[in-house]
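Visitor: Shown below is the structure under consideration.
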Amino acid sequence: MSSEFISKVDKEARRKAANILRDKFLNLVEQLKKGEPLVMEIPMRTLSNAIYDEKRKLLLLGEKKLRRNFLDLNEAKRFMQTVLMASIIYDALVSDEYPTIRDLYYRGKHSLLLKSIEGNKIVSEENTWDEQKESDSVIVDIEVFTSLLREEMLILSKEKGKVVGNLRIRSGNDVIDLSKTGHGAYAIEPTPDLIDFIDVDAEFVLVVEKDAVFQQLHRAGFWKQYKSILITSAGQPDRATRRFVRRLNEELKLPVYILTDADPYGWYIFSVFRIGSISLSYESERLATPDAKFLGVSMGDIFGNSRKKPYLSEAERKNYIIKAKDADIKRAEEIKNYEWFKTKAWQEEINTFLQRKAKLEIEAMASKGLKFLAFQYIPEKITNKDYIA
């Protein structure tokens, strides 16, 4: 690849990641020189090692570590896989390449032949890895071991989130105006830290779970009317979207509101944005947005409560409500026991759901009319601070 087309930001990111990766694994060489056994200490990525920091409102990785010993027959293969993958990633960095996680799987996949002591007979044959989930897990191990996100190592993944609004950014060598995307939107790139924010004219960020609702709000001109940055995660958010939202909040000081379906899966999407996820707790400090607010759709929006009237009439509730399934009930009961859902407001929300056994999609609010959703429901809830923090 010709380096003349690579931006300075990109080159600096490569240099930094390559240096950290090299130095971390050179420590293994030093162990060998000293005659010490080859050992890697990697923080454990388990639920038991995920700790909720109440003060910082973040789900963080605990201090438990696993020791990966090359001389341990149970760990030798995983040790080999980790070193192999690190070598492939390092080569890609210094060669100005942009591998995907699928590329890395294929680049490292080959057979290892174990020969007899005499060297004239193959005793056994084993693949470096058989399935991509193996190599993906190794990449995560390297992230935890080096404290480098895969995005920082210029490893690409499929773009998922989209954004539109009065914001100009620099990506690579180009300046992109996110207010001039027509009926479309800017796809949030898998390396959001390489984006520079040039200027912004917005008062808040609205993240919408559903892509279809995002498109409706975009075409209705919601972000123009209310000077906002409109984003969709298109379901469960990917890492790039979470990091982009975090940067908008942290660097541009824009409040963040999350709009999801009124069900346990929508609540969890909100919590992933706000405090992080259990599986990626090692990344929460860079991906989560502790200041994010749950705008809705809430049980109070559907049924009302002592503080507010419902947005839906009895007839509308009858038409729009979806009966919760057993899986929904089970998920709600699980979420209810998570430390970060034990606030008074969230316990009330979850208990109402369990009592009513009812859920609602965002589209139901749009069924009352797009103007209702865009120009009454959302702005009214923001103005009245009708959200769960």
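If you go along the chain as it appears here, the first residue is 1 and each next one adds 1.
The backbone N, Cα and C atoms fix where each Cβ goes, and this holds for glycine too.
The domain 'Topo IIA-type catalytic' annotation in Swiss-Prot covers 12-162 and rests on sequence analysis. Taken from Swiss-Prot, the feature active site, O-(5'-phospho-DNA)-tyrosine intermediate applies to TYR106. The Mg(2+) binding site annotation in Swiss-Prot covers GLU209, ASP261 and is backed by sequence analysis.
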Visitor: If you skip the near sequence neighbours and keep only those at least six away, which residues in the chain come within under 8 angstroms of GLU209 (Mg(2+) binding site), Cβ to Cβ?
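Guide: Long-range Cβ contacts: THR232, SER233, GLY235, ILE258, LEU259, THR260, ASP261, GLY266, ILE269, ILE362.
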Visitor: According to DSSP, folded down to helix, strand and coil, what is ASP261 (Mg(2+) binding site)?
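Guide: Looking at the DSSP assignment, ASP261 (Mg(2+) binding site) belongs to neither helix nor strand, so coil.
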Visitor: Taking the Cβ of TYR106 (active site, O-(5'-phospho-DNA)-tyrosine intermediate) as the centre, count every other Cβ atom within 10 Å, in any protein chain shown.
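Guide: For TYR106 (active site, O-(5'-phospho-DNA)-tyrosine intermediate), the count of other Cβ atoms within 10 Å is 12.
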